[in-house]
Amino acid sequence: MISDIAFWGFGLVALLGGAAVFYVNSMARATYALALSFVAVGLQVLFLQQNYVGVVTILMMVMEMAIMAVYMVMFMGMNPALMPMSMVHGNRTAIAVALTTFLGLAAGILMVDWPARLGGPSSDVTMALGESLMGPKMLVMAVISPVMVATIVAGVVLAAHRTRYDRLGDDLKQRPADDPQPGGVGR
Amino acid sequence: MADPMPMTDSPITTVAPGWAIAALAMLGVLAVAAAMLDGALAARAGGGASGVTRPFGEAARLMRQRRRTTVEADRLLWRMGGAGLLVVAALMVTVVPLGEWTIFDLDVGVMWFNAMDVMVWALVWLTGWGANSAHSLVGGYRFLAHGLGYELPLMFALVAPAIAAESLNVGKVAAAQDGLWFVVWMPVAFVVYLLGVAAFSVWGPFAPALGADIAGGARAELSGVDRLVFEAGRYALLAAGAAFAVPMFLGGGAGPLLPDWAWVPVKTVALLAVLVWLRRRLPAFRPDKFMEVGWMLLLPAVLLQDLVVAVIAVWRS
């Protein structure tokens, strides 16, 4: 009974936190409203006995929102992120898309012929979830991960305006490197 | 709806939730003891009178101080940031077993601790942000810069004991050190973990986020009770970090003569004293330079430690 109430309570917090992201007028509040929403979802996942997934959700999402604060000053010229600002734009299109998506998903939930449960849940549901998600596709996952890392590295290399020739000189022999922000190990 | 977090088949027993008050009291005593020791060390460094009573005088002063207000402060986020440190420290100690008893026998207790220490990123930044003051915001960003350097090494330092114990349950990690404490054969992970504890307590070498050069940094505009709660939170985090190291690296309640439940606080106090003492022994890590130290030195070192631990764990089984 109490756990039912707590589960639905966290669900409500998650929904309201998600809605607050678009309602508030500050980047910081929007960011941490989203964090609150995800923490509530993580706590709900604990009720599904997916303890690892729940705790990792909380960990990753809070960390991600903290990193968002770094992006706020890294990529936004003149730091409008630090001033009050509206969190919505393109209202008409957004409302239309949101309503259509909601109606589509809700219709799907109501119309799908849900299967009846076969057998009981496994004793380690986290392991079962992992196997059903990844099991037969492990090779694909193992191939995709290095490709994704390579894409990230390549993206950063292409985006950086300074190259190794700027750092180390035309013959790559200049030590220490000429960096606008010198690092701590004297490379 | 199933009950969350069913009891795991761990070597420890879960006590009634009411005992959480006792755990909180222990955390409070440890935090006050750390503040007293720091006061004494400060008095010795400054050559003044005994500083053991300094935290009490400071608390009394702050409780009577009028609250400072700033223009257009984001009060909600500011207060949450300042008060959150204490809450996070309390949530950390829930998974630390006292001998054979624990309040929250979570099967992924190590991850839980990690999730709580990541909360500090958000809280310190929010404290810096909320006041709507330039210096305090700079302090918040200094902490995030440190965070980017220390967090991954800290995470991989926590991985080492978990690999060796083949469990993320804190009780099982403690039980797996039967005879040989993890600190003996994972010294690199232990040192990096201690650095991480100092870092998420904004302590010692990681204090530039609160530096005098930026008028107190993240806590620049904190006054009165808000400041008291923030400072108490830092000491509590330091104490919680020391307490968590006991089951992770120092054999849990294992030790001669004394019972299990007594060894945990004894080891915690010893480690806490070392952490407090280190404050005046290590230079500040500049946030801009520490990033590279974290990624180029600490991370490879602790990954190598993990590899060694993993190889030994495979070879033993």
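Note that Cβ sites are derived from N, Cα and C of the backbone, with glycine treated the same way.
Listed in TrEMBL for this protein:
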- B:16-37: transmembrane segment (TRANSMEM)
- B:76-98: transmembrane segment (TRANSMEM)
- B:110-131: transmembrane segment (TRANSMEM)
- B:143-164: transmembrane segment (TRANSMEM)
- B:184-203: transmembrane segment (TRANSMEM)
- B:235-255: transmembrane segment (TRANSMEM)
- B:261-278: transmembrane segment (TRANSMEM)
- B:290-315: transmembrane segment (TRANSMEM)
Which residues, given as numbers and ranges, are at least 6 beyond the ends of the transmembrane segment (B:143-164) yet have a Cβ under 8 Å from it?
110, 113-114, 117-118, 121, 124-125, 128, 173, 176, 182, 186, 188-190, 192-193, 195-196, 199-200, 202, 206, 208-209, 218, 248-249, 285, 287-288, 290-295, 298-299, 301-303, 305-306, 309-310, 312-313
Are there three or more C-beta pairs under 8 angstroms joining the transmembrane segment (B:16-37) and the transmembrane segment (B:261-278), sequence spacing 6 or more?
yes
Dominant neighbour of the transmembrane segment (B:16-37) in B:76-98, B:110-131, B:184-203, B:235-255, B:290-315, by Cβ pairs under 8 Å:
B:235-255
With pairs fewer than 6 apart in sequence excluded, do the transmembrane segment (B:290-315) and the transmembrane segment (B:235-255) have three or more C-beta pairs that lie under 8 Å?
no
Residues of the parent chain within Cβ reach of the transmembrane segment (B:184-203), under 8 Å, 6 or more residues beyond its termini:
117, 120, 124, 143, 146-147, 150-151, 153-154, 156-161, 164, 209-210, 218, 234-235, 237-238, 241-242, 245, 248-249, 271, 274-275, 278-279, 298, 301-302, 304-306, 309, 312
Which residues, given as numbers and ranges, are at least 6 beyond the ends of the transmembrane segment (B:290-315) yet have a Cβ under 8 Å from it?
145-146, 148-150, 152-153, 156-157, 159-160, 163-164, 166, 185-186, 188-189, 192, 195
